[in-house]
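Encoded as structure tokens, the structure appears first; notes follow it.
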Amino acid sequence: MEKGKVKREKGKEPEKEKIQQKEERNKKKVEKEKIKEKEKGKEEKIKEKNGKEKTGKGKEEKIKEKNGKEKTGKGEEEKIKAKEKGKEEKIKEKENGKEEKSKRNEDEKRQERETEKEKEQFKEKEKDNSTLIKIPLEPLEKNKQILVLGLDGAGKTSILHFLALNRVQRSVAPTQGFNAVCISTEDRQMEFLEIGGSEPFRSYWEMYLSRGLLLVFVVDSADHKRLPEAKKYLHQLIGTNPVLPLVVFANKQDLEAAYHITDIHEALALSEVGNDRKMFLFGTQVTEDGSEIPSIIQDARDLIAHLAADMSDQA
């Protein structure tokens, strides 16, 4: 009987083991599922994280795209503004150009009117002659004249009073036309002719130069800017006659800004007037009305009379 029990108990043991193995398998299965769930949860978290990152990147890209569009929009706006500004500037330039052109036209018309007025005044001067004229304006065929020329404002009329009338008389207004005077010496007459130095009258200089005994050319020593212009006209005049004597007066030496006569000699390039020509340079100044004639003017007057006599004898 006991043996039978033992056998039965032994038979029960395998069943127990089976149950235990089954339970272990179930536990392992449960553990595996738990591990899978954990891994799945991790994967989902990773995916969720990646999704968030992608979403973040997407947002960033959208923001960048938006900013790019905004920049593009701003760039286009700036281009449009620049274009409009350019158009406005062009319109302003055209308007300014029209205004300048209108001003130029007005200036040209005014200059033409002034020139015409000066010409009319010149013609009137020719008809009635100026206060100094004591001879007909047109030189006599046999008579030669001492021409007194130079730019306007140089002091030609004052020099003419010095030389011809032997007195000091300052002139304020520029000569508009001609000033002429004839003086008598012991054995002959001398005709002095001053022609205005402003632009309309310079064309007459060469016309009378062909009848000149000698040329007296007056410059303003203190007007530095106009010395090149004076030089140009002087060399044009003497270029037409290679032997005509030349007497240059560097006038207004009393002014503070006046060039010394050596500087005037250089500024007018008097060393280039030619070796065959008699040339003299005097420094003069404007003195008060009624004062005594400066000695240098008296010397210049005697020299001019001597030169004129020589040229008359040669003629």
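Any Cβ shown, glycine's included, is placed from N, Cα and C.
What TrEMBL lists as region 'Disordered' is 1-130. Under the heading compositional bias 'Basic and acidic residues', TrEMBL lists 1-129. Residues or ranges marked as GTP binding site by TrEMBL: G150, L151, D152, G153, A154, G155, K156, T157, G197, N251, K252, Q253, D254. Per TrEMBL, Mg(2+) binding site is recorded for T157, T175.
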So which of the binding-site residues is most packed in, judged by how many other Cβ atoms lie within 10 Å of its Cβ, out of G150, G197?
G150
Rounded to an integer, what is the Cα-Cα distance in Å between G150 (GTP binding site) and T157 (Mg(2+) binding site)?
10
Go through K156, K252, our binding-site residues, and report the one whose Cβ sees the most other Cβ atoms within 10 Å.
K156
Distance in Å spanning the most remote Cα pair of G150, L151, D152, G153, A154, G155, K156, T157, G197, N251, K252, Q253, D254, given for GTP:
22
Tell me the Cα distance separating T157 (Mg(2+) binding site) from K252 (GTP binding site), rounded to the nearest angstrom.
13
Most Cβ neighbours inside 10 Å, all chains, among the binding-site residues D152, D254:
D152
Per residue, counting other C-beta atoms within 10 angstroms of the C-beta, which of the binding-site residues A154, T157 reaches the highest number?
A154
